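The feature ATP binding site is assigned by Swiss-Prot to G9, T10, S11, L12, D13, G14, I15, D16, with sequence analysis given as support.
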Amino acid sequence: MYIAGVMSGTSLDGIDVALVRIEGSGVESKVELIHFTTVPFCNDIKSEIQQALSIENSNVQLICSLNFKLGLCFANAVKEVCKEANFSLEQLDLIGSHGQTIYHQPKQDGNRIPSTLQIGEPAVIAYETNTTVISNFRTMDMAAGGQGAPLVPYSEVILYRDPSKNRLLQNIGGISNVTVIPNQQSDQNVIAFDTGPGNMIIDEVCQRLFQLSYDQNGEIAKQGRVVDEILTYCMSHPFLKMNPPKSTGREQFGEKFASELLKRFEKHSKENILTTVTMFTANSIVHHYKKFILPYYEIDEVILGGGGSYNSTLVEMLRNGLKDENCAIFIQEDIGYSSEAKEAIAFAILANETHHCNPSNVPSATGAKQSVVLGNITFPPV
């Protein structure tokens, strides 16, 4: 089957689309990446998404309209990846669309029950592409008592499980998450959970202090030094003390967190603040390894993915934090994969599993009561 996986993450970089060919289903699936592209959001759409993400500034009319606008954006992104690949849209069998997360409530909070909302109307995508769309992957896991995240572990087992090596797959997107993949001979469980911020706070600080959307290759962070009092403040966040399975998002590490941090520590230089929040991402990852993974698993390799793997300052901080742990550290490209395409490929794989009526959540990662088939299916008009 030819499937387009569509992902718009918490970093708001744009729409990632992976065109893949998949043979079979389940752990024996054969997955081939044909082409990958990122279609940037136009400024107006990005501004509307940012407004929709803000509890103070959002409204139901905006979210209702944006749901359909994003559906059209996602459809156009699918057309673009096919055009770039010189691939006929008519040959496409399926689209797996994650959607744009507007709010994610993984745990009960007063009268707010666990819930999640991703928008990007699948009916619009199906109509515009004349292709079956599978979307809303997180909701069934949450209905089964899970946190709806992380969902990539299933695809990571298919792509990365090794005959003899125990691997950690560390994604550094807006939020960071890790998947522990024991080797094929092991009887240990696959586990996965969010480790805290990825690029989200780094990008927010960059935008506010340097008027840049991100710190390219970590060049600015390389110029500063870590401020202990800021790092201590960051590392005291309650999320770091929680036991897995757990997930987090913009609600904990987004605009509000960055605003409070910058106000509290405004006396420090811009460069030092950026260096310190970069170290916070690295330290929060290392903290979770040492507390929840390394005491129980012997890890041979750590494989980094997501946009944060291109931040050489962040990667060097991670290497230093793990230098005594006797594990090799790679980025996706080192082993023949794409850091950028990883999550879009994952949702193509999940769409394929749903098409075959296979459960594809990992209860040991999400906390769900059982394995479930993920996603809603929207058929094209004819």
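Placement of Cβ uses the backbone N, Cα and C atoms for every residue, glycine included.
A 10 Å cutoff on Cβ-Cβ distances gives D16 (ATP binding site) a total of 27 other Cβ atoms nearby, all chains included. A strand conformation is recorded for I15 (ATP binding site) in the three-state DSSP classification. Within 8 A of the CB centroid of the ATP site residues G9, T10, S11, L12, D13, G14, I15, D16, the other residues of that chain are M7, S8, T38, F41, G173, G174. Counting neighbouring Cβ atoms within 10 Å of each of the binding-site residues (G9, G14), the lowest count belongs to G14. Shown in sequence order, T101, G173, G174, I175, M200, G249, R250 are the residues of the chain, 6+ apart in sequence, with a C-beta less than 8 angstroms from the C-beta of T10 (ATP binding site). Its own atom aside, the Cβ of I15 (ATP binding site) has 27 Cβ atoms within 10 angstroms in the protein chains shown.
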